[in-house]
Each structure stands twice: as structure tokens, then as C-alpha cells.
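Accompanying notes for the structure given below.
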Amino acid sequence: MASGLEVVVAAAGRGSRMQADINKQYIMLKGKPVLFYSLHTLEQMELVKEVVVVAHPEEIEYCLDNVIGRYGFKKVKKVIPGGKERQDSVEQGLKALSGDTEMVAVHDGARPLFEPKMLEDLYREALIWGGAVPGVKVKDTVKKIDEKGLVLATLKREELVAVQTPQVFRYNELLYAYARAREEGFYGTDDASLYERYVGRVKVVAGDERNIKITIPEDMIVAERLMEGNNHNFFMPVRVGTGYDVHRLVEGRKLILGGVEIPHTRGLLGHSDADVLIHAVCDALLGGAALGDIGKHFPDHDERYKGISSLVLLKEVAKKIEKAGFKVVNIDSTVVAEEPRLAPYIDLMRRNIAQALEIDWSRISVKATTTEGLGFEGEKRGISAQAVALLTGGF
């Protein structure tokens, strides 16, 4: 068999804990899908000869078009559908490899920050031991508990490591372990657990604290900080800003909310397009960064802003807060309108705001409510919006 590595990248999990509308592998991280970074690293390594990506059956075409094709990954030879569990998916990936190399690596696509040197070290150790995995020392005290939550024992921390991916094994031996596990109905928590059960012991190589797995929304922020080299302080101070705006409904104007033109008999009166939602978001962002309000930056007596799309203003606000050293964590907003019904347009509003801010739309919340006929909104004389923005940085 040839030297080098064939690699299975597991990217079929939906990642429900991310609370996103798309697979976490395709959420944008610094302008590119999370999955891009693992594939890019593998693409650049001479050691790697072939890659098979295992994707969710409903996302094969999306993966091919928006990741593999878009970024020209030549080493990715196949994108295949995954199974019910990660273990099922990895086994399918192993079977789809050419099998031309003695060694194989399995990596989670949700770990975008692994370093080439780690994979090279794992490969060298796996050639000796048959299998090698990266592990980092456990810093917390670990307790073993029973089904009632009562402590059974305190485990020795010096004997414990938290295991990451990529993991490297002899190809035929790992394939054998997966086959045996399927026959017995055994499901392990990682690839090494199968190898240990059916083949032999596995060598632990020093892992990397920066090799985090994207599991929850906050992991995206940590990953961004790590990519910027500011990993000396993951938990940056945060700023909160609030925004509120209201505009009158009048005849002869288009109704624009969240950058979406909504069919209605009247529209909002204002110097710009009077997008009350975007104005509230702008004020929340500017307020969080202590940069004043929208009127300070885009006065209503300035003819440059007459009739302008508020999304253009939002993009300018994004530049201002970035220049001040801030990043958007998330935005929550509410539009208060008796009519029209806004539910069909909510997701498009979220996407418009996210695109203007160049962040994933899973970080943008837009809600709509009425006042049950009370106040100027309830009397259909106007529409208001409120927004809260969470920012990090700037300190």
C-alpha cells in the first residue's frame, strides 16, 4: 500500500444544539462555511491523498455546490450520504475510500481549527501503534455518578484526557472494528473506542486546546477569536445596546421592514425608506458601541440619505462598530404592528440583516406582535420596533 493518508470527514450531523436553521457545518465562520476550514487544511497537506466527506442525505447537493465546488477542493473525491448515527456515517465513509493507503484518518467537520502538525504527529504514532488520537489534559475535577446524580467516585485527573479528532488508524483494522461493532450492535463515542474494543490499544498524542468542536452558538465566537490570534482571553467583555424607532403610516409610500417590501395599502413616512426595524437595529448597535444614534450619523436633513435603503445605512453602521473594535454576537428585535401580517416575511428580514452585518442569520432574531388595538400601533397610525444588540470587544 502507498504511504500517506486517506481521510473521512464526518459532516452529516444536524447539530440541534446550535439552534440554527442550517447544519452547523455550513454556518459562516469568518466569511466561509465551518466545513471549509478542515477541508482547506487537508487540501494543503502533502500527506493527505484523498478525502471523502459524509454529509446529510438532504445536503449532498448543497455541500457539493457551496463548499466542494465553490472552493475547488480537488482531494475530495466523493460526498456521500451519512447514516442514522455518526458511527454509521463514518463506516460508510470508510467503505467509500479507495483503500490505497495503509492509514486512514477520521475527522469531525465541526472542528475547523486543527493544525497540520497534529495530523502529521498522529500519523507517525499510528504507524507504530496502529492507532493514535489527540488528547488534552482535563483541568476540571471529574466525578463518576449514579443514576440519581450521587457521586460514586472522584476520578484521578492525571489519568484522564479529553479526546479530539482527527484520529488515525490502520485502515483495514479500523474497517474490521466497525464491522464487528455493527454485528454486535455496539455504538462507541468515538472511532478509538471501537478500535480499542476490537483491535488493540491506542496511543494518545498531545492535542490542542484550540481544536474546539463547534457545538453551541457561543463556540462560533470562541472560534473567531482563536482565528484572530486573540486566544489569550476567550471571554471578552460584552456591551449591550438597545434601539427603538417609530414611523407614521401614510398613503403613497412603500412599506419596507427589514429590507423587505411588504404589500400594504400604506407605507411608513420618513427621510429614508423609513424601515423602522433596521433603524432600531442600527440604534442598538451604535448604542452598544457608545457611538451615538442613527440621527447623529445619518441626519434627516442630509439629502444624501433621502429615500436611501436602510440596509445601506446598516452596512455603514457595521463598518463603524467594527472600526471601534466591536463584533456582533447577536441581535433580538420586535416589530409592533396591528397589520399587515408579518410572519411570512420574518426569515427574509433576518437574512437581510445578517447579510448586511456579514454574520450568520442564526444570530438574528426578528419577532412580530400587535398591541391588541391599543396605542398608535393598535389604531394603525404607525409601526414601532425595538432591538437589543450584544457586542463583544472594544476594551
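Placed from the backbone N, Cα and C atoms, the Cβ positions cover glycine too.
In TrEMBL, annotation is done automatically, which means it is predicted and not curated.
Bear in mind that the values here come from a model prediction, so they are computed numbers and not experimental data.
For the divalent metal cation site that TrEMBL gives as Asp245, His247, the extra residue drawn from His264, His271, His279 is His279. For Asp245 (divalent metal cation binding site), the nearest neighbour among the recorded positions Lys24, His271, Ile294, Asp302, judged by Cα separation, is Ile294. For the recorded positions listed here (Lys24, Arg157, Lys213, His271, His279), the lowest count of other CB atoms within 10 A around the CB belongs to Arg157.
For the binding-site residues shown (Asp245, Asp302), fewest C-beta neighbours within 10 angstroms: Asp302.
Report note: the divalent metal cation site is defined by Asp245, His247, His279, and the residues of the same chain whose CB lies within 8 Å of the CB centroid of those residues, excluding them, are Val246, Leu268, Gly270, Ala274, Asp275, Val276, Leu277, Ile278, Ala280, Ser384, Ala385. Per Cα geometry, His271 is the residue among the recorded positions Lys24, His271, Ile294 nearest to His247 (divalent metal cation binding site).
Looking at Ile294 (4-CDP-2-C-methyl-D-erythritol 2-phosphate binding site) and His279 (divalent metal cation binding site), their Cα atoms lie 7 Å from each other. On the backbone, the CA of Asp302 (4-CDP-2-C-methyl-D-erythritol 2-phosphate binding site) and the CA of Thr370 (site 'Transition state stabilizer') stand 33 Å apart.
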